[in-house]
Amino acid sequence: MKRNFDSVKRLVIKIGTSSLVLPSGKINLEKIDQLAFVISSLHNKGIEVVLVSSGAMGFGLNVLDLETRPAEVGKQQAVSSVGQVAMMSLYSQVFSHYQTKVSQLLLTRDVVEYPESLANAINAFESLFELGVVPIVNENDAVSVDEMDHATKFGDNDRLSAIVAKVVGADLLIMLSDIDGLFDKNPNVYEDATLRSYVPEITEEILASAGAAGSKFGTGGMMSKIKSAQMVFENQSQMILMNGENPRDILRVLEGAKIGTLFKQED
């Protein structure tokens, strides 16, 4: 299937913790700089971009020099609150190198479930777009207890990114991960696993091919990405799942390169 994203004017990019934090726990500064360059390039072309960024926990562990994620919810919240400040400080600094202004929006599930607060959120996004600002979104981990327990809030930022895409009426959601896309079976187990370039619907076979593992710093796994794709389908939009190793590949994707997996319903 030929890919054409010429009509994309509003884009949501989601980046996971594993793309921002190295296995050693150090921050991947090169990756963040590349991401800022790409988003700034798109911004300069007139494309409105929202960045949904995980990483508060990973940044917090780095700042506090902790090797493992705390077990207690209160400490998880504390570490995330420290990390969120560090992450946004770095984003602001790096984006400024490309003369791009950014803002922080921390959401909780109740914000998008109640009409009044949802309207306020939409107004905030639209105002930021009008001001030429790139919104950087994360869940408010310090008060969203269920995010810490992987339960019933947004659950993880995969789902949050799909919700944000709906809220802002995005033409495309690009989900950056530590995998190349959706395979027909687990590529870490089966050497003959094949990358699916195009997924027009979420079938039982697709669900069965999704695993459940996330990284040690994050909460998301393949199943959460598939569920996000389902939400995108419900919103009559489209999603790309691709490896975040080289953020500059986003530019190639938007030019039509067949990178990652495209989730798009048949016309």
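Quick reminder: no glycine exception, Cβ is built from N, Cα and C everywhere.
Together with S54, N157, Swiss-Prot lists one candidate of D33, D141, D180 for binding substrate, that being D141. With S54, D141, N157 listed as the residues that bind substrate, the site has a largest C-alpha separation of 11 Å. A Cα-Cα distance of 16 Å separates S54 (substrate binding site) from M222 (ATP binding site). When the alpha carbons of N157 (substrate binding site) and D178 (ATP binding site) are compared, the span between them is 14 angstrom.
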